[in-house]
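Take a look at the structure set out below.
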Amino acid sequence: MVLIRVLANLLILQLSYAQRSSELVIGGDECNINEHRFLVALYKSGRFRCGGTLINQEWVLTAAHCDRRNMEIKLGMHSKNVPNEDEQRRVPKEKFFCDSNKNHTQWNKDIMLIRLNSPVNNSTHIAPLSLPSNPPIVGSVCRIMGWGTITSPNETYPDVPHCANINLFNYTVCHGAHAGLPATSRTLCAGVLEEGKDTCKGDSGGPLICNGQFQGIVSWGGDPCAQPREPGVYTKVFDHLDWIQNIIAGNTTATCPL
């Protein structure tokens with residue numbers, strides 16, 4: 001009887017592990033409406049383009065490759081088609097880049113800081129996300145979110161943001177997976193090694209939140225998205241803290257790390 005109970009317990013553990021493993025390769029689900037108060041949507045000519053992160057009442061952090069003329073920024077949005085009662089809209093007052101010529105690559109300087117034309121107030125669906133106080137730790141579980149396509153290579157854009165958990169890897173994993181990446185860069189590598197979870201087109205500029213801290217900005221990844229052993233690449237927020245804080249403090253000539 002003891003042996004039977006032991007074998008039964010082992011079977012339960014194996015089934016439990018298998019279930020968790022299968023869950024890891026399933027794409028994201030609709031975000032809880034209250035978990036993304038800092039997530040903003042960047043629009044151009046009425047069309048959704050990118051995500052971004054509100055870091056205080058007047059500033060948004062996103063990817064440099066999301067830059068467009070005449071952008072509109074929507075805050076407090078969940079459904080694209082059914083507005084929240086506290087949604088707010090802003091336009092950029094100023095935009096700042098690591099390079100005065102707005103140059104960036106897939107592994108360097110894909111970061112943009114936007115000053116809003118007027119501050120926003122905290123509300124039910126709007127609140128900033130603090131900048132990280134500690135560097136990211138390889139092995140962390142990270143949260144991704146956005147209104148990007150939920151299928152690839154055929155594109156299906158959802159009405160509401162989708163969220164998923166992925167893992168933070170050593171940069172060498174992305175260096176080995178993506179041709180052209182240098183041996184080192186100021187980016188993070190995150191995803192799942194099995195097929196099925198990833199950020200994709202439209203998620204650019206949104207946050208990578210690891211252990212509750214804002215550590216990355218969605219930059220780029222494989223095409224199609226969510227392929228086995230092809231994690232995504234994220235601009236490393238922690239490495240750019242001095243530049244971000246200097247710009248916000250009024251030192252508009254501050255430079256990004258090399």
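Cβ atoms are placed via backbone N, Cα and C, with glycine included.
Taken from Swiss-Prot, the feature active site, charge relay system applies to His65 (among others). Within 10 Å of the Cβ of His65 (active site, charge relay system) there are 17 other Cβ atoms, across all protein chains.
Non-local neighbourhood of Asp110 (active site, charge relay system): Ala63, Ala64, His65, His104, Ile217, Ser219, Trp220, Thr235, each in the same chain, at least six residues away, with C-beta under 8 Å from its C-beta. Positions annotated as active site, charge relay system by Swiss-Prot: Asp110 (among others).
Taken from Swiss-Prot, the feature active site, charge relay system covers Ser204 (among others), and the record attributes it to similarity to another entry. For Ser204 (active site, charge relay system), the count of additional Cβ atoms within 10 Å of its Cβ stands at 25 [all protein chains shown].
As annotated by Swiss-Prot, disulfide bond applies to Cys31-Cys163 (among others). Sequence-distant neighbours of Cys31 (disulfide bond) (same chain, 6+ residues apart, CB-CB distance under 8 A): His78, Met145, Val160, Pro161, His162, Cys163.
Of all the Cβ atoms in the protein chains shown, 22 others lie within 10 Å of the Cβ of Cys66 (disulfide bond). Positions annotated as disulfide bond by Swiss-Prot: Cys50-Cys66 (among others).
Take the CB of Cys98 (disulfide bond) and look out to 10 A: across all protein chains shown you find 23 other CB atoms. Residues annotated as disulfide bond in Swiss-Prot: Cys98-Cys256 (among others).
Among the features that Swiss-Prot reports, disulfide bond is placed at Cys142-Cys210 (among others). Long-range C-beta contacts of Cys210 (disulfide bond), restricted to its own chain and to partners at least six residues apart, with a cutoff below 8 Å, comprise Pro136, Ile137, Ser140, Val141, Cys142, Arg143, Leu168, Ala190, Gly216.
The Cβ of Cys174 (disulfide bond) lies under 8 Å from the Cβ of Leu181, Thr187, Cys189, Pro231, Gly232, Val233, each of which sits 6+ residues away along the same chain. Under the heading disulfide bond, Swiss-Prot lists Cys174-Cys189 (among others).
According to Swiss-Prot, the feature disulfide bond maps to Cys200-Cys225 (among others), an assignment based on sequence analysis. Sequence-distant neighbours of Cys225 (disulfide bond) (same chain, 6+ residues apart, CB-CB distance under 8 A): Thr149, Ser152, Asp198, Thr199, Cys200, Lys201, Gly232. According to its DSSP assignment, Cys225 (disulfide bond) is coil.
Positions annotated as domain 'Peptidase S1' by Swiss-Prot, on the basis of sequence analysis: 25-249.
Note on Asn103 (N-linked glycosylation site): other Cβ atoms within 10 Å of its Cβ, all shown chains, come to 11. In the three-state DSSP scheme, Asn103 (N-linked glycosylation site) is classed as coil. Look at Swiss-Prot and you will find Asn103 (among others) tagged as N-linked glycosylation site.
Less than 8 angstroms from the CB of Asn121 (N-linked glycosylation site) sit Gln57, each of them six or more residues away in the same chain. In the three-state DSSP reading, Asn121 (N-linked glycosylation site) counts as coil. Swiss-Prot lists Asn121 (among others) with the feature N-linked glycosylation site, giving sequence analysis as the kind of evidence.
The annotation N-linked glycosylation site is assigned in Swiss-Prot to Asn122 (among others) on the grounds of sequence analysis. Every protein chain shown contributes to the tally, and the Cβ of Asn122 (N-linked glycosylation site) ends up with 13 other Cβ atoms within 10 Å.
Taken from Swiss-Prot, the feature N-linked glycosylation site covers Asn154 (among others), and the record attributes it to sequence analysis. Of all Cβ atoms in the protein chains displayed, 7 besides its own lie within 10 Å of the Cβ of Asn154 (N-linked glycosylation site).
DSSP classifies Asn170 (N-linked glycosylation site) as coil under the three-state reduction. Sequence-distant neighbours of Asn170 (N-linked glycosylation site) (same chain, six or more apart, CB under 8 Å from its CB) are Val138, Cys189, listed in sequence order. Residues or ranges marked as N-linked glycosylation site in Swiss-Prot: Asn170 (among others).
Annotation source Swiss-Prot lists N-linked glycosylation site at Asn251 (among others), citing sequence analysis. DSSP assigns Asn251 (N-linked glycosylation site) to coil in the three-state reduction, placing it in neither a helix nor a strand. Counted within 10 Å of its Cβ, the other Cβ atoms near Asn251 (N-linked glycosylation site) come to 12, all protein chains included.
Within 10 Å of the C-beta atom of Cys189 (disulfide bond) sit 25 other C-beta atoms, taking all shown protein chains into account. Among the recorded positions Cys50, Asn154, Ser204, Asn251, the residue whose Cα lies closest in space to that of Cys98 (disulfide bond) is Asn251. Looking only at Cα atoms, Asn251 (N-linked glycosylation site) sits nearest to Asn103 among the recorded positions Cys50, Asn103, Asn122. Cβ-based neighbour count (10 Å, all protein chains) for Cys200 (disulfide bond) stands at 25.
Within 10 Å of Cys50 (disulfide bond), judged by CA to CA distance, lie the following recorded positions from the set Asn103, Asn154, Ser204, Cys256: Ser204.
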